[in-house]
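Residues or ranges marked as transmembrane segment in TrEMBL: A:6-26, A:74-95, A:107-127, A:148-166, A:178-199, A:236-256, A:262-280, A:300-318.
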Amino acid sequence: MDLLYMVLFAVVVLLGLLGGVTYAILFERKVIGWMQIRNGPNRHGPWGLFQTIADVLKLLMKEDIIPAAADRKIFVLAPILAFAPSFTVFAVLSWSDTLYAADLNIGVLYFLGVSSMTMLGVLMGGWSSNNKYSLLGSIRGVAQMVSYEIPLVLSVLGVVILSGTMNLRGIVQYQDDIGMWFIIPQFLGFVIYLISAIAELNRSPFDLPEAESELVSGYHTEYSGFRYAFFMLAEYTYAIAISAFATTLFLGGWLGPAFLPGIVWFILKMCIFMFIWFWLRATLPRARVDHLMQFGWKVLIPLALLNIVITAVIKVWMGW
Amino acid sequence: MSIKTETMTLNMGPQHPSTHGVFRLLVEVDGETITKAEPVMGYLHRGSEKLAENFLYTQFIPYTDRLDYLNAMTNNYVYCAAIEKLLEWEIPERADYLRVIVMELNRIASHLVWWGTYLLDIGALSPFLYAFRDRDICLDLLNEISGARMTFNYIRIGGVKWDAPEGWVDKVKEKVKELRENIAEYDTLVTGNEIFQARTIGVGKLTKEQVINWGISGPLARASGVNIDIRKEEPYSIYDRFDFNIPTREEGDVFARYKVRIAEMYESLKIIEQACEQIDEGEIIHKKGARIMMIKPPAGEAYTRAEASKGEIGVYAVSNGKNKPYRIKLRRPSFVNVSILQDLLIGENIQNLVAIFGSLDIVLGEVDA
Amino acid sequence: MFRLLKGFGVTLNYFRKKKITIQYPDEKVVMPERFRGIHRFFPDKCIVCNMCVNICPTDVITLTGKKHPENPKKKIIDTYNIDFQGCILCDLCTEVCPTDAIVMTARYDNLSSYTRSEHFKDIEWLSNNHVYGNYEESGPVPEMGERGERK
Amino acid sequence: MSQEVLDIIVKKITEQKGDEAIEEAKLNFDEPMIILDTKNWDVKTAKLLRDDPALAFDFLSCITGVDYEEHMEVVYNFFSTTKKHSMYVKVKTTREKPSVTSVESLWKSADYMERETYDLFGIDFPGHWNLRRILLQDDWEGHPLRKDYVTDKKALGLD
């Protein structure tokens, strides 16, 4: 019975996620469109609501090309390996007070551990394509993701210290108890998280692995059709996961005035978080690789460490 | 003991998003440092100079449009000016004013395209669309006077094809104000941006000696402190009647080129405003110029140059007294400017490649003629 | 230090501004009168002088004339073809035409087709290209020479 | 002023090369123009034009090849960024074996322009470091801007 429930839940989450990704893409395109004095997608369905569906259908119908010189097995495996971990992390996310899959004690650790596997897909995809641009893109991507994993984890530590638990539900409940979202005592941590999450996700201004003006399309240059769709799916699933994680850690999860159910609050907060990313993409130019690395190692990590020290002092002093 | 390493050859183009056309750049990289760069061109070669030899003088004007298609007015102008030099014709004053207005409008449009696409190369998406909105203002004005948005074919040997439509000059004055405000907004969006500055300041430096030795002209040269602008040097047309500055900077890096081009747009706006104030009624074409099939310059040869948005554009025209040019040589600024890549890229980091390449502002139609 | 934040204000400001997209097939830009679109031909005005053929830089115009049935000294047009595969819409043919028998219309969107042969337009198509300047033929037909001063 | 520049040029070159060196010196549309034979045009003369303080032609604007059917010419257009004057140098060469000393070592801008002239006219530039075709493909036959070049429309797929 338990197994059936698990499978059922997984399927529901997957379907919900597919819908979520569909509309996240639409949301992104609309936001960026409006910021660029244009309309964004509006041809398919009212308000362009079916645009992404049409795009996905087109991708599925396309010819599946595997370059002759590619390392076939790894080439095929890479998109799956990119997608699987970004989907797996949804197991520990709690959408509302009652809606969740696993109430894991080490939810934070699980999330960070599993999600960092995504970079394997990037590396394998870039390597196996046997294309110089793909290789450059994937090497840049891995370097960037490894570097920014560290400030990401360190910024989360502050929350863990304050709440004293690694259970994601526990963290939200703790925020409920003290009557304050962690964004206030952990503002520095939130900013560091926000920045390193962008780098983790390879989003603009840190979209170096797929910098289309330099590396054509980075690690997925040679991918087409549904394999490419998988990479896109992985990217947006991971984006949703990271923003859901941020909502849980810093923005009080499903907490909010009672006139709306918890899940609505949760999704609203996620949307705000994602809006910031889209806004960044519409505004900023791309950073350069060495600046990106310098910023990560020389600015973000010291700041994150500082944040941990401050948090520890607050913890002891305030007696939370 | 040393480890045996190999350099990697990276083939950038002919199909690459940042070459802005069919252009190929063979770079050899040692790790991340470029050790050799070789531009390969000719994919868009149409033999314009050969075509010219089989055309009547006027027939070649539409082909000059297609050299630097972003700045077609100046191409039109410099070709016509070369033939006028051979003919020794006086150009009616109103025609000169109209020429200056359309050339400067076109220069702004060309710089805007550079601005937008360069930021697209750097990775910012929105400036591209803002720039194209403003470019459209220029193109709409040019469309009204010439009947085309890019390949104008407007300037004729001896004058211009059409007079300005009613109210056009006032409209230009109005739009100049709008453009000035919009360009000011670009500064807020981009110029001060730290990420942008970090990518451009100190990158791709060109020294004054390099500039002169490699024959670099236009904003590229002026960003390296070489104060050459043919509009001031040998004022052609009626440029000596306007009060404008030549923006120069000493740094010679990508950011300096950016600043020079932005400043040049303001100067162009100033020229347009003055020209719109001074313009008078009158003839628009030399009395013999209207009969476009009958143009027959006396035998002779002349080199004429003008300041296009990319640099010095020149036409070397040889006439043998017949109704077809004996030889037309086009000195295309992009063609000369692109040769610096072999020198400029050596020792640069590969991550700066696109930033440097984009800052040259080449148009492939012009490189390949 | 944080001058980059000013840029966010710019983009957010555009978020609320009016969009400038033109929904192309639904709404079309009205081109100015001088716009050099696809030609229109007036067979009765043509005097078969061959000027347009001579000036055409891409050699895409071909025409034949026949004897005028009443006045043997005059000629009238028989066939007139433009091959739009090569036409660069440079407007030189209309500029040299002494009788304005060939003019350019402000229409710009009726040249796309799936086959090359459809680009070959004959006298019938050219004379039925019912747009002239900004005016439909049913509307007020402008006088000659209104599209800018010629000659 | 142009006349003075022309006089200086003529004086300096005859000092270096002898009286017969300059075939013709005149003003062409108010700019000094000298016509030389290819054997009198070498790196030393070019260096004189560039480095002499009174001339200082440091900017090479344009290189033009012209095929006059009985002979060929390469025209150099110089400009001085310090003195603000310009000049033409016409170098005559035979049609059978056209060859003009390269000035690429003095003005790097000659690099591409000489390659282009070689490509389209077949004029050899001894001293050029990399004289290859630039606009046409490497296996192109003939040099299209020569007056006797026959365009093979069939081979180009045009007819």
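Cβ coordinates come from backbone N, Cα and C, glycine included.
Using a cut-off of 8 Å between Cβ atoms, the transmembrane segment (A:74-95) and the transmembrane segment (A:148-166) share fewer than three residue pairs, counting only pairs 6 or more apart in sequence.
Sequence-distant contacts of the transmembrane segment (A:236-256), counting only residues of its own chain at least 6 positions beyond either end whose CB sits under 8 Å from a CB of the stretch, comprise 17, 20-21, 24-25, 83, 86-87, 89-90, 93-97, 108, 111, 115, 118, 156, 159, 168, 171-172, 175-176, 181-183, 186, 189-190, 193-194, 197, 200-201, 203, 262-263, 265-266, 268-270, 273-274, 277. Residues 71, 74-75, 77-86, 88-89, 91-93, 134-139, 141-142, 145-146, 149, 152-153, 156, 159-160, 166-169, 171, 200, 209, 218-220, 223, 231, 234, 238, 241-242, 245, 249 of the same chain, all 6+ positions outside the transmembrane segment (A:107-127), place their C-beta atoms under 8 angstroms from a C-beta of that stretch.
Residues 148, 150-151, 154-155, 157-158, 161-162, 185-186, 188-189, 192, 195-196 of the same chain lie 6+ residues outside the transmembrane segment (A:300-318) yet bring a C-beta within less than 8 angstroms of a C-beta in it.
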